[in-house]
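TrEMBL has this to say about the protein:
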- 243-388: domain 'O-antigen ligase-related' (DOMAIN)
- 1-21: region 'Disordered' (REGION)
- 63-89: transmembrane segment (TRANSMEM)
- 110-130: transmembrane segment (TRANSMEM)
- 136-155: transmembrane segment (TRANSMEM)
- 162-186: transmembrane segment (TRANSMEM)
- 230-249: transmembrane segment (TRANSMEM)
- 255-272: transmembrane segment (TRANSMEM)
- 279-298: transmembrane segment (TRANSMEM)
- 374-392: transmembrane segment (TRANSMEM)
- 432-449: transmembrane segment (TRANSMEM)
Amino acid sequence: MNERFNQVRDSAPGSPLEPTLRPRIVRGTNMTEAMRRSAGVFGWAAAVASKCRWGVLSLEANLLVVLAAVALPWSTSAVSILFGFWLLTLVRLLPTFDYRAFLHSLASPICRWPLALVTLGFVGMLWVDVSWQDRLQGFSPLAKLLALPLLFYHFSLWPRSAWVFGGFLISCAILMGLSWIVWFVPDLALASGRSPGVPVKNYIDQSQEFALCMVALTPFILDFWKQGRYVAALACAALVLGFFANMAFVVSARAALIYVPVLVAVFAFSHLDRRAATLLFAGVVVVVATVWFASPYLQARIGAFALEYHDYQQNIAASTGRRIEYWQKSLGFFVDAPLIGHGTGSTRHLFELAAVGQSGLAGEITRNPHNQTLAVAVQWGIVGVAVLYAMWIAHLQLFRGQGLANWIGLLVVVQNLVSSLFNAHLFDFVEGWMYVLGVGVAGGMKLGAQRRRGESQGAPLGNVSAVAGVPGRSRL
């Protein structure tokens, strides 16, 4: 220590050792400065690398959802796998989450009611008297609703959310083209035993997809035409005509005869004035009358109602008769336990008990009463029905206004609500994921636009997050 003191003393001005020790001190100072600069460069490089890493992960998560939308019309397995990878990617992105804002968003009605329905289904497994396999099978259709809060959060932060809708539209357009091909050449069908014109899956799923794309594209024809983009307008018109003709002449679900007019009415009230809406409805009447006389397929589909109702009266199983039988029995099950229902997964067991000693249509057993309200009422009573409709209403209120997000989200909710009169479409795989993807992505777009609008107006970031229900900062 004394030696170090002497060196410092001797290096002082006027000391005889000053010329010898000063270069050492200068070199040490330069080395320290160089080390500081190197550390700054390395820190900057590390920050850039970290930002690139999060950016790549974010792009990966986004593309996985786009691919899931593309795969939805074709493969249920691919959709499940892609969403599994998406969840794993979100886990890797957890360090970028704004947890406070995300947890706050869970309290908003658009997230609260889906989570309440899932919670009710989970708790409902406790009071039902069936096997655990049946309980889990009853709960699994609800699990997809857990993706809604994550999709709201995720797509409120990605500016290219429309890619998801574009991917779904392109995929459905390809499916529509293939449907025409296998209708003319049935040997080219990807699987045997399907209805004519149905390359994959079934005609109910195909109709749901084609009807949504058909009506969703219609406003773009008008917009592109007004902008002078005639090629784009004609391309959209060709796709709309292709979807419509496929449903009218090739194959369609009879439920489409109900929800397509409702979707057209939504389009008229959302995008047209009174005069244009009147002309549209007049044109629709003319087109429907023309198609009725030109399409033997459509005549046969509608005429089958009377035949199937006659079969129902004779206790012969047919589509219309099955629904009537399932609805009557389900109403009876609901009356037996009106408050909280019979529990998750109880539907099949109840139909088994009702089928004892019965034959024909009365002896059929099902897990699906082919009505979303009844499917919920049987298992969770009036409490479940209230939660279900609260969710639908909250999502309808979310999509008030103009713009792509509001238009797509509104159509998805209305179609699911109306088609669920004849099927439990929220619990079905394709229709359920159409709802989750459509509402989740469109809702994220809407909330992200609200947040950015609030920021541009100078609102405090915390307040914007509270209003929009989405985080203010994230690298997602």
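Glycine too: its Cβ is placed from the backbone N, Cα and C atoms.
Because the structure is a prediction, the values reported are computed rather than measured.
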Near the transmembrane segment (279-298) in space but 6 or more residues beyond its ends, with Cβ under 8 Å, are 248-252, 261, 264, 268, 272
Under the DSSP assignment, what numbers of helix, strand and coil residues are found in the domain 'O-antigen ligase-related' (243-388)? 110 helix, 0 strand, 36 coil
Out of 63-89, 230-249, 255-272, which stretch touches the transmembrane segment (136-155) the most, going by CB pairs under 8 Å? 63-89
Region pair the transmembrane segment (63-89) / the transmembrane segment (432-449), three or more CB pairs under 8 Å: yes
Surrounding residues of the transmembrane segment (255-272) on its own chain - C-beta under 8 Å, 6+ positions past either end: 204, 207-208, 211-212, 214-215, 218-219, 222, 247, 280-281, 284, 301-302, 407, 410-411, 414-415, 418-419, 421-423
Overall pLDDT of the domain 'O-antigen ligase-related' (243-388), taken as the mean: 88
